[in-house]
Structure formats: structure tokens, C-alpha cells
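To start, the structure itself, in C-alpha cells.
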Amino acid sequence: MRFLLLLAISITYASALSCPEVTLSQRPKHCKKECIADEDCKRNKRCMCDGECGLSCVNPIAMCHPLPNIENGFIRTAGDLRFGSNAEYGCNKGYILVGASQRRCQANKEWSSSQPVCRLQLKCGPPPEIPFAVHDGSSFSGEYDLDAEVAYNCIPGYHKFNAKGLSISKCLLNRKNVAQWFGPDLRCKARACPDPGDIENGLREGDTFEYPHHVKYSCNPGFLLVGSTSRQCSSNGEWTNEPANCKATECSRPSSPLHGKVVGSSLTYQSVVTYSCDHGYRLVGQVQRICLAEGIWGGNEPRCEEIRCSVLPTLPNGYIEGSETSFGAVAVFRCLETMTHEGASKAKCMEDGQWSAPIPRCLASCRVPHIQNGKIRDKSEGQLIASGSKVIVECNKQHEANIDERLICSNSTWSHVPVCSPLSCHNWPPRVPHARILFSKSSHGSIAKYECNNGYHPNRNNQIIKCLYGEWTKDGPPMKCLPSWCEHPSKTYGTLPGGQILLEGILGAYEFQSYIQKVEEGRAISFQCGKGNYLIGPPKATCVNGEWMPKVSPKCVSQTHPMIEGKILWDRKKRSLPGRAVREYVDDELSTHRQHSGKCGIVSGKLERMIMQHSDNGVSVC
């Protein structure tokens, strides 16, 4: 498919170059739509040359029908029978072709012309063609009678190569009684010209010295060709035109620019000239130019223009003496009274068109500001201070500057104006043993609070300390954190009838004796009831910050059990019932007996009870 596409493209390109222009009236009826380019055609059609139809919209893969054989002849075709394919006809010996010798597959899928025929040759056809020669035959039909002769001669520019060769051809019958041309054996050869020679300081192109070939001449860089650039070997064996020569290139002498000059003595190829300007002028353009191979100076001619500096801007808080801007002019800068001059005092217009220095600054003075709770050292309020000067702020006693104490005057504006504020506390508040300090800032007026660690309590209610003018200050006696002790628990809970209070230690719990008056922070006591009693309230208490917690007083209450209807049969393996079975007999309304058993849980029957273990010597109903 790719091959067919390339074939179609090549055919289209060739068609556009060689296709005849056909008017609408000249186009045969079988022609397809006329076009100029592929865009004029639809679908898979392309704009291609269709013989006598000219450029037409055709299907490049259209196929023509196979050609029938020609009697006493043959047909040669190249490739398949697609559009544009040619069929060439020929006859066997003794026969001559009558009709078109070639036919072409057209866009309408038909072959051009009609089929030719081969008939017995009784006359000679056209005389044979001899390269670079012509004959004097004059038959308009292209057929010659027997014994007809034609003479050959070489065309101009060619000569007879074989001097003894026969230059005549004659129509005779061959052994098969078929008319045939015999002769000539003429050979024509192009006439030769003598060697044209080389060109000095140049190059010759072309090494064939025969008619009708050419030789071309060119010169080396720095030389110009004088004469014709080419010569042709003519039909008479001589070269046309006169020999050319290469002459060294020379540029014309350049003129000096106005207010300047040009330096350089040589004007030959690749010579260089240099331009310069008079004092007070500067060169605009190239400093140097070179003589090119074409005999002209490279680049454009420069010019000299007067050197001028830009007009200086106005000087705020000052003035400029001198208004000239030409080369060498001087401008003097002056500031008004009380202004500070910062920068150059004058500037000169230089050769590069720039001033030697930028304009200065005339800076206004600053007035000494009012400083609350302070002053400016060695200066009085409202006094003028020159721009660029530095002053120092001094704060009153027990005050400090909130930012840098050094002020700089810059063109009537101070770099900053600090505020003298009461001193901050730069040290931590005094440390108190067994306490921690809570505070977020240490500026004047800030407060800090003490909190005693666990097991300690403050010696006073006010636990606050305040920062005043750089010192941490507090009212009353010094803050202390004292150890916390709990008194005998009887003072909190009283006695525990039916039980006892135990003091817990590392090795266990023992009875809290009356002689123990204080217990340290974190110690614990437990409450325990005697047999037949159970505890109501907290089982333990802990000494926290000098108090027993929780403060709820426990009680020991004697145990009672409700009567259970029926009979309880004990499991005699053990007296207690920790998870053991118990059997209950319950009388129902029908005076029948049912036996139930189970662990502490629901016993089903007419009377429902929950039996649970409670003590070593009894059960109770839940």
C-alpha cells in the first residue's frame, strides 16, 4: 500500500510538470472532473494527468481490462494494468505495425486509441535512426519503396567517426522476402575543442572539451573576474568568448568623517582602516572596516557626533551651578543652609557622555524629640541635629528603652523613637523549696504564683509575687511550703464500732494505735468489720494535703437473713458455699414436692429465690 501511495505521489508530481493544458471545449466526453490540485477532488480521487483530458480527478488505483493479443505481433506492459500504465505494441519480422504503437490506461478504465494491427511488410518503414545524424529521406507516409536510398550526414558539432563507413541506407528484400533497410554504418562523434587552460588566481569547472559542453571560471577570494564567467565548445571546435583573468581586488579610498579621520594605507583585499574622532566627539558605528572580496568596504561608514551629557535633575534642598552639558563641562553642587551635603561637590562631563559623579543629597536636619520618662544625652529637646548624626537615649531611674537606645537622623527623620518603660524583671522570682512558680511574662506589673508540691502546703493564703520596676515584690512574711500531716483518723471518722482501723505499711496493715498522733502525706488506712458485720462506706482512706480522703465515715452493720420457706439441705463436704450446690424443697399449691438444686443464682419453682454465698456459716436470699 505504501508503494502505491509513493507511486501515486510521483505520478502526480510528474503529471503537474508535463501535463498538456486542455480547454473545456477540447476535452473529450469520457474525461473526468477537471482539477488543479488534490483539494479539488473528493474521496480517494487525486488530481493527475489523464492524457488528452489534461489534469483530472482520477482514482489512482483504477484498473483497465486486459488487452487482447495482436495477430503477428506482441504487447509489452510494465507492471499491472492500473491507471497510467502503458502498453507497447510490436510486430513480428516481416510485418509492419499499422496504428498507435502505444496505448495508455485512462481514468475511465479504457485504453487510449484503438488496437493496432500487424500487416505483411511490402515496403520499408522509416529509415533507421543514427545518433547525431540526419538523413535526406522525404516520405510523408513514413514508407519507402524497394530500392529507395537515403543519405546520412552528421549534425553540426559532430563529425564522421569512421571515415570509410557507408553513409547510405537502401530498402531491399531480405531472404524472407521482407522489405528491410540495409546500412548505413555511419558513426558521428562530437567535435573536440583544445584545452582552454587554467585561470591564474582562480578556478575552472569542467573537464569535458567537446561540443556542446561548457567550462566555468571563478576567482579566489580577493580577486575579481575580468571577462566572461563561462566558455562553450562550439560546433566548429573552437571556444566561445575570450579567456578571462582574475585581478586582485582593491577598494576605493574611504573618506574621513566630519570631525574625525580614517587611518590606513593599503586598499587591497582584507586591508583594514581605522576611524577616530576629534576631541570632544565620539564615534557612532564601527571603529574598523575591512576590504571585502567584492571590492567594497564591509559595514557602514561611521560618523562623529559631539559628546553631550544628559541634563542633570534638580537638587532637592539645594541648587546646581553650571548648565552646560558638553564634553568637559563642570557642574557644582551646593546645599541650602542647615542641610547636610552627602556626596560629590561637583561633576564633570566625561568622554563617554556620562557625568563623573551622580548628584549628591542635601539632607534636612532632625529636631531632638521628647522622650517620655527619659531624655537625649547631652542634647536639649527641639535642638537641630545634622542628618547622619547619632544620639543616645537615657531613661529615668527604674526605666529602660523598649528598643535600641541609639537614634540616627536621616533627612529630617529619626530611625526610630524609643519609649522609656518601667524596668522588667530580668531574673526569675525567688525560689521557694518544695514549690513551683507559674508565670507567663516578667514585664513591669506581671505576677507569678507559687504552688506547693504534693505533700506540702503554703504557710499563708497569699501565694502571689509581683514584678515592680525590675524587682519581684511580695507582701507579708516569706513564702514557705510546709510538710503536710494527717491527724489521728478518729478525729475525722470517729470510732468504728464492730470493726477496727488499720494503718497500711510496706509489710502489711496493723491496728492504728492511739499513740500515733500524725501520719505523713500519702499514707493509707483501711476499715475492717468483725465477723457477723459488713462494711457500709469506703474501705480505705488516704492522707492528702493534711486531710483524710474521702471524708465519708464508714460503718459496720450486723448481718441478718430472711427466712426461706421449705428446707435447705447443706452440702456436707464444706460448711461454706463458695460456688457449691444447695438444694431447696419448696411446697407448691398441689402439696407435691419438687427438688431443686443450683449454685448462687435463680432457683425455679412456685416460690422463686436467689440463693448466694455470703459467709462461712450461712446463706442469704438475694
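Residue 1 is the first one shown; counting continues down the chain.
Glycine residues also receive a Cβ, built from the backbone N, Cα and C atoms like all the rest.
The structure displayed is predicted, hence computed values, not measured ones.
In the three-state DSSP assignment, the secondary structure recorded for Cys49 (disulfide bond) is strand. For Cys49 (disulfide bond), the Cβ neighbour count at a 10 Å cut-off comes to 20, with all displayed protein chains included. The disulfide bond annotation in Swiss-Prot covers Cys19-Cys49 (among others).
According to DSSP, Cys35 (disulfide bond) is assigned to coil rather than to any helix or strand. A simple way to gauge crowding: the CB of Cys35 (disulfide bond) has 18 other CB atoms within 10 angstroms, across all the protein chains here. Taken from Swiss-Prot, the feature disulfide bond covers Cys35-Cys47 (among others), and the record attributes it to similarity to another entry.
In the shown protein chains, 25 other C-beta atoms lie within 10 A of the C-beta of Cys105 (disulfide bond). The secondary structure of Cys105 (disulfide bond), as reduced to three states from DSSP, is extended strand. The disulfide bond feature in Swiss-Prot is assigned to Cys64-Cys105 (among others); the stated evidence is similarity to another entry.
Sequence-distant contacts of Cys91 (disulfide bond), defined by Cβ-Cβ distance under 8 angstroms and a gap of at least six in the same chain, are Ile70, Asn72, Gly73, Phe74, Leu97, Cys118. The feature disulfide bond is assigned by Swiss-Prot to Cys91-Cys118 (among others), with similarity to another entry given as support.
On its own chain, Cys188 (disulfide bond) has Ile130, Pro131, Phe132, Ala133, Cys154, Ile155, Tyr158, His159, Lys160, Phe161 as residues at least 6 apart in sequence with a Cβ closer than 8 Å to its own Cβ. Swiss-Prot lists Cys154-Cys188 (among others) with the feature disulfide bond.
In three-state terms derived from DSSP, Cys233 (disulfide bond) belongs to an extended strand segment. For Cys233 (disulfide bond), the same-chain residues 6+ apart in sequence whose C-beta sits under 8 angstroms from its C-beta are Arg191, Ala192, Cys193, Phe209, Glu210, Tyr211, Pro212, His213, His214, Trp239. The disulfide bond annotation in Swiss-Prot covers Cys193-Cys233 (among others), and the record cites similarity to another entry as its basis.
Other Cβ atoms within 10 Å of the Cβ of Cys246 (disulfide bond) number 20 in total over all chains. For Cys219-Cys246 (among others), the entry in Swiss-Prot reads disulfide bond, with the evidence type similarity to another entry.
What Swiss-Prot lists as disulfide bond is Cys251-Cys291 (among others), and the listing cites similarity to another entry. Cys251 (disulfide bond) has a Cβ environment of 20 other Cβ atoms inside 10 Å.
In the three-state DSSP classification, Cys362 (disulfide bond) falls within a strand. On its own chain, Cys362 (disulfide bond) has Leu315, Pro316, Asn317, Gly318, Cys335, Leu336, Met339, Thr340, His341, Glu342 as residues at least 6 apart in sequence with a Cβ closer than 8 Å to its own Cβ. Residues annotated as disulfide bond in Swiss-Prot: Cys335-Cys362 (among others).
For Cys366-Cys409 (among others), the entry in Swiss-Prot reads disulfide bond, with the evidence type similarity to another entry. Long-range neighbours of Cys409 (disulfide bond) (same chain, six or more residues apart, CB within less than 8 Å of its CB): Ser365, Cys366, Ile385, Ala386, Ser387, Gly388, Ser389, Lys390, Val391, Ser415.
The disulfide bond annotation in Swiss-Prot covers Cys395-Cys420 (among others) and rests on similarity to another entry. Mapped onto three states, the DSSP output places Cys395 (disulfide bond) in strand.
Sequence-distant neighbours of Cys481 (disulfide bond) (same chain, six or more apart, CB under 8 Å from its CB) are Val432, Pro433, His434, Ala435, Tyr450, Cys452, Asn453, Tyr456, His457, Pro458, Asn459, listed in sequence order. When secondary structure is read from DSSP and collapsed to three states, Cys481 (disulfide bond) falls in the strand class. Sequence annotations record features per position, and here Swiss-Prot assigns disulfide bond to Cys452-Cys481 (among others).
Annotation source Swiss-Prot lists domain 'WAP' at 17-61.
Feature annotation from Swiss-Prot assigns domain 'Sushi 1' to 62-120; the stated evidence is sequence analysis.
The domain 'Sushi 2' feature in Swiss-Prot is assigned to 122-190; the stated evidence is sequence analysis.
What Swiss-Prot records for 249-306 is domain 'Sushi 4', and it gives sequence analysis as the kind of evidence.
DSSP classifies Cys251 (disulfide bond) as coil under the three-state reduction. The CA atom of Cys47 (disulfide bond) is located 52 Å away from the CA atom of Cys246 (disulfide bond). Following the DSSP three-state reduction, the secondary structure of Cys420 (disulfide bond) is strand. Taken residue by residue with DSSP, Asn411 (N-linked glycosylation site) is part of neither helix nor strand, so it is coil. With a 10 A radius on its CB, Cys64 (disulfide bond) counts 23 other CB atoms from all the protein chains.
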